[in-house]
Every structure is written in structure tokens, then in C-alpha cells.
């Protein structure tokens, strides 16, 4: 098996925070064996799904999505959060490939900083961990299912003989009782 290809999509909006998320994600991925990292910057959070899609279409095994959306005085926050979340989720299901969701949706800048290497860890690193775990899982499940199917194909032949033998024994017992 070749190298695992992972895309990292980072929004430039709130770049003082997103750059820390990106550092955490890339640092984690660089420590993994046989991983090839591809990175792209996008203007804002709404553009994240399109860049994720481009990476998946180009053959990446998974993507890390990084951004920061901080609540303001208007409903724009809700639309952006829903748009990004729905877009990334749809891509995962359509492409059957994992996207680690490291898009912070916070009430203020302090909360975002706390999650970009502060008191609450680095959510960029965590998103990279999730991506790698899910790449492994999505590769293991088909292999395990194939093995299980192969075992199941062998098992019914043995199981079919057992009921026939049991039925024959039952018939012999019935004959003995009738005599």
C-alpha cells in the first residue's frame, strides 16, 4: 500500500487562529508514517467544502477541514456554521471518505484561542487525529467484511450437514420407540 494522502483545508478568515489550528494538524500528520500532506488556504469557512471536494476528487484518502466562525451581531454566523457543517457532512457521505472537522464555532475570540493551542487543546490536531483514525477504519471495515463473508460461505456447508445428521438420529429414535 502506498502513502496515505491527506488534504488540509484552512480558512484565512481569522487567520491568527486558523494558522494555529493548521500548525497542530500538520504537526500531527507529519509525525504519522507514510502520510503525504497537501495543503490549501481558502478565503473563509464557506469555501471549505469546495476545497475538500477538490482534494477528494484528486484522490486524497481524507481531508482535515479547519476554520473559525465567531458569533457576531447578525444571523450570518448561523448560516455560515450550517453551510460548512452540511457541506462537509454531505461530502463525507457522497465520497465515503473522512473529513476531520476542525471548524471552531465559538461565541468569541477567547473561546477560539483556547481551542487553538490554549487551555482546551488544539482542535486542528484533534481533527487530524480523527481523519487518520477514520481513514484506517474505513479501510479496515471492507477487509473485515470480506473475511467474514469468506468465513460465512464456508460455515453454511458444515452447518447444513449437522441438521441432516440430527434429523437422521431423530428418525432412528422414532423407529426404535415404535418397535
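Cβ coordinates come from backbone N, Cα and C, glycine included.
Quick look at what Swiss-Prot annotates:
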- 13, 45, 46, 47, 68, 69, 70, 101: 5-amino-6-(D-ribitylamino)uracil binding site (BINDING)
- 73, 74, 115: (2S)-2-hydroxy-3-oxobutyl phosphate binding site (BINDING)
- 76: active site, proton donor (ACT_SITE)
- 157-179: region 'Disordered' (REGION)
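Take the Cα of residue 115 ((2S)-2-hydroxy-3-oxobutyl phosphate binding site) and measure to each of the recorded positions 68, 69, 76: the nearest one is 68. Across the fold, the C-alpha of residue 45 (5-amino-6-(D-ribitylamino)uracil binding site) and the C-alpha of residue 73 ((2S)-2-hydroxy-3-oxobutyl phosphate binding site) stand 18 Å from each other. Sequence-distant contacts of residue 101 (5-amino-6-(D-ribitylamino)uracil binding site), defined as residues of its own chain at least six apart whose C-beta falls under 8 angstroms from its C-beta, comprise 65, 85, 88, 127, 130. Maximum C-alpha to C-alpha distance over the listed (2S)-2-hydroxy-3-oxobutyl phosphate-binding residues 73, 74, 115 is 23 Å. For the recorded positions shown (76, 115), fewest C-beta neighbours within 10 angstroms: 76. Within its own chain, residue 69 (5-amino-6-(D-ribitylamino)uracil binding site) has 45, 77, 80, 81, 84, 103, 104, 105, 106 as residues 6 or more apart in sequence whose C-beta sits under 8 angstroms from its own. On its own chain, residue 74 ((2S)-2-hydroxy-3-oxobutyl phosphate binding site) has no residue at least 6 apart in sequence with a Cβ closer than 8 Å to its own Cβ. Classification of residue 13 (5-amino-6-(D-ribitylamino)uracil binding site) by DSSP places it in coil, neither helical nor stranded. Taking CA atoms as the reference points, residue 47 (5-amino-6-(D-ribitylamino)uracil binding site) and residue 73 ((2S)-2-hydroxy-3-oxobutyl phosphate binding site) are 22 Å apart. Taking the Cα atom of each, the residue listed as 'active site, proton donor' and residue 70 (5-amino-6-(D-ribitylamino)uracil binding site) are about 10 angstrom apart.
Other Cβ atoms within 10 Å of the Cβ of residue 46 (5-amino-6-(D-ribitylamino)uracil binding site) number 17 in total over all chains. Comparing Cβ neighbour counts within 10 Å across the binding-site residues 47, 73, the minimum falls on 73.
Looking at the residues that bind 5-amino-6-(D-ribitylamino)uracil per the record, 13, 45, 46, 47, 68, 69, 70, 101, the two CA atoms farthest apart are separated by 16 Å.
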